[in-house]
Ligand SMILES: C[S@@+](CC[C@H](N)C(=O)[O-])C[C@H]1O[C@@H](n2cnc3c(N)ncnc32)[C@H](O)[C@@H]1O
Ligand SMILES: Nc1nc2[nH]cc(C(=O)O)c2c(=O)[nH]1
Ligand code: SF4
Ligand SMILES: [Mg+2]
């Protein structure tokens, strides 16, 4: 007996928050009306994580175990029953048993994207409409297990998988180039990092927008200088519009 990790509760999904519809603010689906399901718990602790309320154990009592049908009911209530894109984020949503929710939602016409750092591969990645793999650069302080990351890449079709890499500095940028070179079939989205003021709470909407803008301009210059014309460079649109506010 014992040995069962406390990260999941049977078939239930550990939910930090469900919000929307809003627009997807990042990457390949930017601008697409989306409901977000943010799961609680992460196997990483990036130095600059903007979602600590879904990562830090001190917020654990705000995470609620929910059956897939209950999560789906909330998504449908938020969308008024009109099918739309659902983004599964976190925390690391790959920790959670999300296969049943994806199947249930797709049966009703909803589409599902999932964002993960690529530290856990799941067979149900293959059922997603889009898998966003966001390996963590040196500035995060987190090491990448490339063997597991490759399992994630293999679990979903290449056409549905994209790379989204956060870049804070030249070292991150060089790292992103190298990583992209290893996955020539995957579309690459570069995203300037934003320094967030801890601790995360509803009032922490302040963001160093000038810093993000400067980093964005620098990132565009770097990509053009290197003639890296297959890369796409996008800021976090929701951060530009609403700062680090939660639920948008
Ligand atoms: C909060 S994470 C949750 C999903 C998953 N754990 C991951 O990291 O991919 C969602 C996205 O936000 C990005 N992100 C987190 N903190 C950020 C920051 N301070 N600036 C820019 N992007 C950030 C992550 O790299 C990831 O692409
Ligand atoms: N609008 C909006 N777009 C997002 N794209 C990725 C997000 C995330 O935190 O995972 C996010 C988010 O929290 N809000
Ligand atoms: S992997 Fe994602 S959720 Fe986890 S700490 Fe890093 S940015 Fe935050
Ligand atoms: Mg975010």
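From the backbone N, Cα and C atoms, a Cβ is placed for every residue, glycine too.
Note that TrEMBL annotation is computational and uncurated.
Quick look at what TrEMBL annotates:
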BINDING   23, 24, 25, 38, 89  substrate binding site
BINDING   42, 46, 49  [4Fe-4S] cluster binding site
BINDING   48, 49, 50, 91, 134, 135, 136  S-adenosyl-L-methionine binding site
BINDING   51  Mg(2+) binding site
DOMAIN    29-244  domain 'Radical SAM core'
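For ligand 4, the nearby binding-site residues are 50, 51; that is, of 23, 24, 38, 46, 50, 51, these have a C-beta under 6 Å from one of its atoms. Less than 6 Å separates the Cβ from ligand 2 in the case of 24, 25, 89, drawn from the binding-site residues 24, 25, 38, 89, 135 in sequence order. Regional average pLDDT for the domain 'Radical SAM core' (29-244) in the model is 95. When other Cβ atoms within 10 Å of the Cβ of residue 46 ([4Fe-4S] cluster binding site) are tallied across all protein chains shown, the result is 20. Across the binding-site residues listed here (25, 91, 135), the residue whose Cβ sits among the most other Cβ atoms within 10 Å is 91. Ranking the binding-site residues 23, 25, 42, 89 by Cα distance from residue 48 (S-adenosyl-L-methionine binding site) puts 42 first. Residue 24 (substrate binding site) falls outside any helix or strand according to DSSP and counts as coil. Nearest in space to residue 42 ([4Fe-4S] cluster binding site), taking C-alpha to C-alpha distance over the binding-site residues 23, 89, 134, is 89.
Measuring Cα to Cα from residue 46 ([4Fe-4S] cluster binding site), the binding-site residues that fall within 10 Å are 136, out of 23, 25, 134, 136.
Proximity of the binding-site residues (24, 46, 49, 50, 51) to ligand 3: a Cβ under 6 Å from the molecule is found for 46, 49, 51. Cα spacing between residue 91 (S-adenosyl-L-methionine binding site) and residue 49 ([4Fe-4S] cluster binding site): 9 Å, rounded to the nearest whole number.
Among the binding-site residues 48, 49, 50, 51, 136, residues whose Cβ is positioned under 6 Å from ligand 1 are identified as 48, 49, 50, 51.
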